[in-house]
Structure formats: structure tokens, C-alpha cells
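Before any comments, here is the structure.
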């Protein structure tokens, strides 16, 4: 059942106090209750550039994120607003407004770099907001993008000296789409006398400069990072909404009081975000919902607080630990529910119980497979197998006890009148033994005819008869109509009958052991079958992701080559070859 969203306004998600980042428990609690997939849009930019206004528009509200009207930065840390997605039913739009970068009151670029990195890691669409044109000053202010290789790791590696550039080659596989919003844009969009669209203007602005000087490298570095890390890019330009003096009242003004061009530009921006922003997805096609976003926030913030780099692989593994543990419990609960509905104890045979177990176990494994991911070394599936085996053994024990109780009760009802007759001396007379044996056979027949006695029926009966051997022998010995020879023959007959019953019970016990062993093997094969199918699906999913990444890298390499940047093209070619090698290995590793 979909969870209801009741956020009337934004709430601080990650607090920034004295340069220290902390996750807000109240915001995490809200996330933990949201089960729908999430489209996460984060906006970052210099302070006092109007980021919050755009986010309020995306929320469909005039007020919400604090706009402020002074040169002081209002937003501290990262603020969150979860609203129903206006274009994607069953999805939640999560808006993340961030602390303004470059706030002179902070004087701390370290904090800004972490805010920037967290916005990238948590979002599926990353909006960078700035004032004016994309000139060198704008690029210099975006130096945070060049810091990402020092702030984020894609893979967990025991080698602390692993090349950051090599690690950053994987960024493209999980980084968000990039949108650059240019506010108060007053120039004509053109280059070399030719009109440009905003997207063409962005592409033009990201062109590299040929040369090897320090100045050229400084010019190229942020551009290279944007091109390499964010292959899908979009640009929007916005006219000044009103005269400067009215900017302080922007959230109070009606659209009719704003520049019509600006109103249309904002509408175009919102329409693009609503239609094109993707659901936040992790490696393996795992769609992020509230609890998963909560886990990511905690993992990343805790890593930063402890002096480590936030690592995508670690975050996914931490999330997998939580979800796989829950998947085991969910699977066990399903098994118990199914067995509770289907099983009536005692069952007529062990096989009947094992067949019900097998069906319920298969469904439980399916529940686990659907709910789990990144189960390293299959530890959680092994845990599930162990718990299911214990549950099976518990049901077998309960079945045995239920059968014993049922049979003991039947024996009491059926045979107690006979015992009373023996006590009364009815069979202590000539010919009494034959009467006793006939009555015993009749009662045994009646016992066998009773339904749903279960698997202990024979054992309980034979145990009872054995306990009454002295009584039977006493009646035999006192019967004067029988010769000594006949008595001896009768004793031997009783012994043979008892031995035959014991042999039958032993045979039945061996058959039960064989059934248990066969069931254990079938259980193993069922786990293996479903695991193999999941591994194959995961392999295909990863190959699809790698193919998308490869296509983006090939596109960027071709563009670098076209622009004449041989060195950068060679670096990209090496990344492409590494990725192709991984893909060949994965394709060769067909699960059979």
C-alpha cells in the first residue's frame, strides 16, 4: 500500500553546524515511511542566486524553501521537500535545496565541497544554478566539480593508493543528469554570429582550449570534469524576473507581475524536470525509495563525519545488508503463513508434510530473491536456507508430537474397556485367551480404521502392546484349555508378530530418513535454481548498465578527437578499453 506524503513544507535533511554535517532524525523518519520510488532533484549554486525560488516552483508552491531578501545565505545544510510527482503516478518527487556555496560568513570551502558532493551522490538530476553567462568566472566558481575525485569513491578498495582518476572513471555510471540554470541572463545566445539554443550554448561553453600551459589546464579542468562525469547535460536561461528593487518580494508577486519571458522560462524548466528527471537508481537497477534514501544519507554523512570518503559501493552494500536481512524475515514470514494455512497436523504421512514444505519453501525463496540484492557470497540466502531447514524440522517435530498425542488418545478410548475387562477377570477362565486375542484383533482393526492418526500410528500402537505383554502372557498361562505345547506355540507367534512389527518400524524409519535426505537435496536444488536465475538476471542488468556507460564514453571520446584533443582522447580510450575488457569477461561468464 502506498504511503501518504504529508510534508507541508521543507525540512532540514542534513544539518550543517560549525562545519560539521549531521543527518536530521526527524527527516530520516519521514523518509523511512515512504515506500514509492523517488525522483531526486538537487540544486546547488552560489548563495543568493535564487535556487530556492526554482525549487518552490517545482514543488508547485509560492512559499516553502526560504528565499531570503538580503545578502545573507538563508539555507544551511541540505533541505528536503517530498511531494507527489506531478507527472509520474506512484512516484515521489524529492527536492533538495542546498546551502549556498561561497558564503563569505562561512569562509570554509571544505564544507561547500561536501555539500556539493552529497548533492551529486543523492540526486538523479543535479541542477547547478548561477548568475549571468558561462564565462571563466562562472567556471572558476564551479571548481567544486574538480574536487569530486577527492571527495567521492565509486569502489571500496583495500589499496588506499588506488589512482583517483581510475576510480573516477566509474562516476559516469551512477552520477545524475546535469542541468545548468543561468539566472538574469541578458546576452543574446549566439557564437560567431550564429544563434544558439541554450543547450548549444552550454556545449560551446564547455569547449576545451588547446595548449599545455598551467593557464590552459586551469581553463580546461572544470570543463573536462563536467563533460566526463555528466554526459547528459541540459541548459536553461532565465531573464531577470522583475526590477532589482522588487526582487525582495519575489515570492509574493503574481505571475502577471513578472516578466512574461521569465514566467515561460520557469514553466519550461519545470516541465523538463517533471518529464525527464529519472527515478534515482542504484547499480543493479535498484530503484531508490524512502528507506533506501535514508540509508544512503546515513552512510554518506557517517563516512564524512569519520574522516572517510563517501563510497558508492559501500553505501549500496550497507543498504543491501539492511534490505537482505529484512528479505530473510519477509521470506520466513511468508513460509510460516503458507504452512499455517495449508498444514493440518498430524499429516497422514511424512511425504505429505514434506510436499507442503517444498511448495512453501519455493515461494519463500522467490520472496527473498525479489526483495534482496548484492548478497555478497550469498550469506543471506544461506541464512534463509538454514532458517527454512530449522522451520521444516520444527514442523516435523510438531507433526510427530501431534500424531503421538492423537494416537495415545485413541488407544485410551479404544483399549481402556479391554483393560477394564481384564481387571474384572473376564478372560481369566478356560478359553479366555482366545477370546482375549480375538477382542485384541478387533480393537486393533478399529484403531487402524481411525483417520488422521499420523506418522506415529504404528510405533505408538506397538509400544502400547509391548507394555501389555505381561498381561497377555498372564491370560495365556491361566487358560486351562490350552496344552503346554499350544502355549509355547502361541508365545512364539506373539514374539514373531512383535519382531515383524519392529522390522516394519525400522523399515519405515529408514524410509523417513531417505525422504528427509531427498527433500534436503530438492531444497538445495531449488535454492541453486533460483540463485542461478537471479545471478543471470543481475549479469544481464549489469551488462546493460555497462553498455550505456560505454556508449556515453565513446561519444565523449569521439567529441574530444573531433576537437583535436589527442591526449584527453587517449585517456578516455584507455577507460573505454578497461570497460570493454570487463564486459567481455562478464559476457563470457554465462551462468548455466
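Just so it is clear, glycine is given a Cβ too, placed from its N, Cα and C backbone atoms.
Taken from Swiss-Prot, the feature region 'GTPase domain (Globular)' covers 1-311, and the record attributes it to similarity to another entry.
Among the features that Swiss-Prot reports, domain 'GB1/RHD3-type G' is placed at 35-278, with the record citing sequence analysis.
In the shown protein chains, 28 other C-beta atoms lie within 10 A of the C-beta of residue 51 (GTP binding site). The secondary structure of residue 51 (GTP binding site), as reduced to three states from DSSP, is helical. Annotation source Swiss-Prot lists GTP binding site at 45-52, 67-69, 97-101.
According to Swiss-Prot, the feature phosphoserine maps to 156. In the three-state DSSP assignment, the secondary structure recorded for residue 156 (phosphoserine) is coil.
Swiss-Prot lists 589 with the feature cysteine methyl ester.
Per Swiss-Prot, S-farnesyl cysteine is recorded for 589.
Summarising the annotation, Swiss-Prot assigns phosphothreonine to 590 and lists similarity to another entry as the type of evidence.
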Neighbour-count leader, CB within 10 A, recorded positions: 49, 98, 156: 98
Cα separation, residue 98 (GTP binding site) to residue 156 (phosphoserine) (Å, whole number): 27
Cβ neighbour count (within 10 Å, all chains shown) around residue 45 (GTP binding site): 24
Residue 47 (GTP binding site) CB neighbourhood, other CB atoms within 10 A: 21
